Number of protein chains: 2
Amino acid sequence: MATLGAASQKHKVAIIGSGNWGTTIAKVVAENTTANPDLFERDVQMWVYEEQVTVDQQQQKLTQVINTKHENVKYLPNIPLPTNIIANPDLIDTVRDATILVFNLPHQFIARTCDTLKGHVVPFARGISCIKGVNVTEDKCELFSDTIGQQLGIYCGALSGANIATEVALEKWSETTVAYDPPEMDSRHQTPVGSRRGSESGEQKVGLDSGHVAKPGVKTTKLKALPTDYPPLSHNNIKKLFHRPYFHVRMVHDVAGVSLGGALKNVVALAAGWVDGLGWGDNAKAAVMRVGIMEEVKFGKTFFSNSVRTETFTEESCGVADMITSCSGGRNFRCAKMAVKEGKPIGEIEERELNGQKLQGTSTAYEVNAFLKKEGKEREFPLFTAVYNILEGNKKPEDIPDLLEDRADE
Amino acid sequence: MATLGAASQKHKVAIIGSGNWGTTIAKVVAENTTANPDLFERDVQMWVYEEQVTVDQQQQKLTQVINTKHENVKYLPNIPLPTNIIANPDLIDTVRDATILVFNLPHQFIARTCDTLKGHVVPFARGISCIKGVNVTEDKCELFSDTIGQQLGIYCGALSGANIATEVALEKWSETTVAYDPPEMDSRHQTPVGSRRGSESGEQKVGLDSGHVAKPGVKTTKLKALPTDYPPLSHNNIKKLFHRPYFHVRMVHDVAGVSLGGALKNVVALAAGWVDGLGWGDNAKAAVMRVGIMEEVKFGKTFFSNSVRTETFTEESCGVADMITSCSGGRNFRCAKMAVKEGKPIGEIEERELNGQKLQGTSTAYEVNAFLKKEGKEREFPLFTAVYNILEGNKKPEDIPDLLEDRADE
């Protein structure tokens, strides 16, 4: 039923990536485009890097299997997918006419994927990056959402939370955080009811959440406003794309905070694992987590724009809840704990346990330390610095309380 | 060496209570009075409810055993105690000339202990309550520190954190939070360096942290100022009484927040146990904890004075860290998890596992619910209300995501 002011267009959603997490998010999104036919076109295109898989003793293309069996047999086996997910091997065709682009692929593929997409995305499209982590080097700390936004000339928000793909795919309940805060375009869209600050309306915000030493963000003036015949991409409407009864979404504005939580928790999880390996008990572990959350806050506020909010880390799924989960059974935590208990270098445990994969916590700890060193701020982040020094063999896990001592009263 | 303005008097500390946690705190405090001879008298009196114990096949008085063997063989066995802890069976003698009273006894003994003490404490003494929990009935929600303060006519702060007595006694590292915020007396004491707001100096604060419907607090005018020949009881100096290399103290002003965290976490731990028992994974558990912390904040801000701060729950050991620990291996968590896994009522598990003791979480959940019902605010606390309804059999643990759904976007 058409009502006064109803949008004549609907948003078309494309998912860029089809791994474990990409396919899971495609399932969530496709359920929601069906549930909200006034806002979204039903079909959801999902870009699949084409490969051959063996199904029923036959070699078949993965896209064909997904589109006929409605299951990603390779990356999310045994989970029935909604039939409105359309696997597409052609990246450019996947995003054709799409006004919402959901990025969910390994971070090392971001640059070349955006290179291919450049010039082929709808100019007023909006992105959401579900890629965990940030790009930290000695010289800069950059958000993946900014990298995507800058390469494509679009605004890009972020989704991160205490989520494991398989659990979400099995519809086990969890929460997540979506950060979305595009700069003001114009004021044609009213602030929607339920949106606290009214994204895509009267915000006072220029530029993107660029990191301290990152390249300058896309200029606000480059971004194209959403045409008025589309439903506004308010927090309320973005939430409708991701929120499910088993996947509770909270919307925030702080893209940098959401992204940083997902990266820095891995460093903290190493310290939690060491302390637990020493047999110091749950309270020592909880102390490490508490200090870790506070160092995340400080990192965000020191190196990112004023938009970084303490609450993103202390009150949201992407912060405190993701920290709790990572320090409970995550691989960084587990390997660090084993290293202490067995008295072996963590690299040896990593090799034995991870089947060739690498711990994110160790590489992030080194990257963060190089960045802090260059900025002359190692001493202001005693836990991050302690983790680096323990990895380097300069300090021992037993030194952690003493290394944190000077900071304890701040 | 006497310096200009040095205090001529020292603080004398008494510990009221000598159970597992009381003796542990006595050990911490006695180590610190020795370490800070400029501030504190070395000897620490500890009140012991006298009883006979069998040591070396002889019946002996517990106080004598503590004072000769320097071990509380009954309540903290195998932990050597500092020789400057003086066990005293006489409550009134214990507090003689004491300017700092540390309360650490089961809450059911507070009233009668204070009755005995009334009129016998130094008029300008200050208290710190280490007693976890709050007194919640249908009609009021009252802090134990306020009960003590009101009965004795002194100011009383609170200590609470992610601590297990035995772990602290074994000097395994943990953190704790001390809340201390006496109302302004006069401005004779300068704001000490390191104290953020300068307790016992230019505070604008009247009355105590009385609960919403609690009896009116002790009037500020009734409280006696600390004489100027004593070292000021600044945050810095209070911290020196509790902080150890293995027991890191952070000082705050929010007595109500510190006390509430230690009580309400037990309710949340039941929900975390149920969700974990359902096999929903660490992320669901982290979601329950996150929601629980936010309901603690709301409870504090709704029913206590403006002094309640969000950060007490989200950033301090008494809040987030205590929540994490309680939802990791605490008894409320464990019993609730078993109840779901075995399909049995939690009361049956409690009886089997706790050897006649009772779960704090269930009684607190009922007390909090009665209070919320009377206040007409059940719907504003969906997790606390869900726990009550699940205990009552009106709802099932599987309903938790749905029961939290309406609140998830606030």
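Positions of Cβ are set from backbone N, Cα and C atoms, glycine also.
Listed features, source TrEMBL:
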type: DOMAIN; residues: A:12-184; note: domain 'Glycerol-3-phosphate dehydrogenase NAD-dependent N-terminal'
type: BINDING; residues: A:Gly17, A:Ser18, A:Gly19, A:Asn20, A:Trp21, A:Gly22, A:Phe109, A:Ala165, A:Arg331, A:Lys358, A:Gln360; note: NAD(+) binding site
type: BINDING; residues: A:Lys132, A:Arg331, A:Asn332; note: substrate binding site
type: REGION; residues: A:179-211; note: region 'Disordered'
type: DOMAIN; residues: A:254-400; note: domain 'Glycerol-3-phosphate dehydrogenase NAD-dependent C-terminal'
type: ACT_SITE; residues: A:Lys265; note: active site, proton acceptor
> Of all the binding-site residues given, A:Gly17, A:Gly19, which residue's CB has the most CB neighbours within 10 A?
Replying inline: A:Gly17
> Can you tell which of the recorded positions A:Lys132, A:Lys265, A:Asn332 lies nearest to A:Gln360 (NAD(+) binding site) in space, using Cα positions?
Replying inline: A:Asn332
>> Looking at the domain 'Glycerol-3-phosphate dehydrogenase NAD-dependent C-terminal' (A:254-400) alone, can you tell me the average pLDDT?
In response: 96
>> Measuring Cα to Cα, how many Å separate A:Lys132 (substrate binding site) from A:Trp21 (NAD(+) binding site)?
In response: 11
> Looking only at A:Trp21, A:Phe109, which of these binding-site residues has the biggest number of Cβ atoms within 10 Å around its Cβ?
Replying inline: A:Trp21
> Any idea what the Cα distance is from A:Asn332 (substrate binding site) over to A:Gly19 (NAD(+) binding site), rounded to a whole Å?
Replying inline: 21
> How would DSSP class A:Gly19 (NAD(+) binding site) in three states?
Replying inline: coil
> Under 8 Å Cβ-Cβ from A:Lys265 (active site, proton acceptor), six or more apart in the same chain: what's there?
Replying inline: A:Gly292, A:Glu296, A:Asp322, A:Met323, A:Ser326, A:Cys327
> Does DSSP give A:Lys132 (substrate binding site) helix, strand or coil?
Replying inline: coil
>> Under 8 Å between C-beta atoms and at least six apart in sequence, can you list the same-chain neighbours of A:Arg331 (NAD(+) binding site), or say none if there are none?
In response: A:Glu353, A:Leu354, A:Leu359
>> Using a 10 Å cut-off on Cβ-Cβ distances across all protein chains shown, tell me which of the binding-site residues (A:Asn332, A:Gln360) has the largest neighbour count.
In response: A:Asn332
>> Restricting to the record's NAD(+)-binding residues (A:Gly17, A:Ser18, A:Gly19, A:Asn20, A:Trp21, A:Gly22, A:Phe109, A:Ala165, A:Arg331, A:Lys358, A:Gln360), give me the longest CA-CA distance in Å as a whole number.
In response: 23
